């Protein structure tokens, strides 16, 4: 178990106003004194020795001698040339000497070689850029009292009251104050829309609030028996974890909000995080265990079995963070008795790495722009540590809090991090740098090495493509004159334009699949596949690969159509092949999340859930003709592999039909697929195949002699 609540903070004075600027006393300029420390690397020790010994004697002799003005000028010029005109022995600044040109200017200017560009190291401020007062914040390791919404509004729970701080304007407002018998507030979490916020309470209830109108929408009851210490949103599903060890999925759209219950923890659940795709949930508890739950195997009728149970931590696990650039990578942090950050492959459950941080890990955040991880800690330094992944080299350690940094939240742009600690302060750190949208690519004015080669290659590709098209036309014209008349050829081409277009696009893909000039042709071909109900996996994969090289030209509408067509190709693995070529940030869009959920339902044969989910998103599926018929064909194929005799009700659920439409579907299958309708109960007898009628095959290739068998008789006796 980890150290929980610290009651010492409640004894502090309560006269401070919440979320007000916190100023630290500055010392006067007279007190900010320091010594001048010489820079040894900038000193010339040989000249220093000369100046202290022989130099003074030389000056005395020069003053005594009668020197002409020309001799004095010669001496100064010689001293300057030999770098002997120093006035000080100690050096306090390191000014680099001017570089010596080894080649004349006119020759060096003709060279186009430039020094290798090195990415400058990002400046990381060591102090917080803003500090606000947070009086009465509960110092409890197992709670989650800070969250930053997508509308750039930060929510923080201070005792029984929830405050909102608008980061754009700096204004503060009070959302709600909870009654004494229900409070204090034990968790808080913004919905994805940035407007609605969930407030977990000490009495096991969860309240949903509209931050725009300061109005309570509803109260979720009955999910837990004790306080709700952690929450996580997944679209319209609010997942809550309580001290009772249960995890509950609440559908906030319906009256009976409890849709799934996960039972696996034996003590309080203190950490919950959904993956970016919304398919996997990570939970951490005071029982030192991390569970991975898969939404695709969730069930509302029974306790859901976890996908992985990770037991390598030796203390409570509250800190959880899914990697934004690798979908199956999860980082977890252990409490005071563990002090490690561990990395997991959630597909296999394997621990990839473990790093000892030396102190309690309270929270973890991934950078949205770089491969970096930020961790907040407790005793002894109460610091923030920025790590470079995967080397896990410390990039910076930020100190300022005087108590353990329990809560951390990231701004929507990903560059600012807010932290709250038991010292009753809320601090803001510019730790992750400038967001990607603010970075502007500067035009390259300098001459690039081998740029002429690139231009030659591009011209060669364009010429190849042009020659290919000319050759294609010539070949068609030659075949036209040799085989049939022009009128008959035109008539045949008008009758089969689909085959001609398909042939052309596929030939373009075969000639040069990485030429971005064919990208518009491939996009048009996707639309043609939809209207003509044809399909070409190779052309679609080629388009997705080109989108990887030209991300600014990606058309998400085209990508969605490709995935729908891939679903229609089940049981072929086309959907997975296409999904691997789509960036994670695109997969997090709502329409792609829906398609991923649908693919999971189809792969697991859960057709009832598939049709229910498809009915909620008709705009995605109705845009592709033939989708329903393709899924019904796949369902029939799957049933033929699993059943010898399928009940009519099971068939109706799988193909989403009933009544006259189901009768017509069965009649078609009887006429074309060899189905037989049983007269006694109306069930359907499916044709035999190697899967629904397996036969035992006698293996005649192995012969075991009686001598070998006789050896085990004494053991059996």
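Glycine is no exception: its Cβ is also placed from the backbone N, Cα and C atoms.
Copied over from TrEMBL, here are the features:
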DOMAIN    535-694  domain 'PCI'
REPEAT    178-219  repeat 'WD'
REPEAT    262-303  repeat 'WD'
REPEAT    310-354  repeat 'WD'
REPEAT    398-431  repeat 'WD'
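Nonlocal intrachain contacts for the repeat 'WD' (398-431), taken as residues 6+ away from its ends with a CB within less than 8 angstroms of a stretch CB, comprise 6, 9, 12, 16, 19, 22, 124-137, 139-141, 143-152, 154, 156, 167, 194, 360, 362-365, 367-369, 374, 376-379, 381-386, 437.
Same-chain neighbours of the repeat 'WD' (310-354): 1-3, 141-142, 230, 270-277, 280, 282-292, 360-366, 368, 371, 373, 375-376, 378-379, 387, 390, 392, 584-585, 587, counting only residues six or more beyond its ends whose CB sits under 8 Å from a CB of the stretch. The helix, strand and coil residue counts that DSSP assigns across the repeat 'WD' (310-354) are 0 helix, 24 strand, 21 coil. Residue counts of the repeat 'WD' (262-303) by helix, strand and coil are 3 helix, 19 strand, 20 coil (DSSP-based). In terms of DSSP helix, strand and coil, the repeat 'WD' (398-431) has 0 helix, 17 strand, 17 coil. Secondary structure of the repeat 'WD' (178-219) per DSSP (helix as H, G, I; strand as E, B; remaining residues coil): 0 helix, 22 strand, 20 coil.
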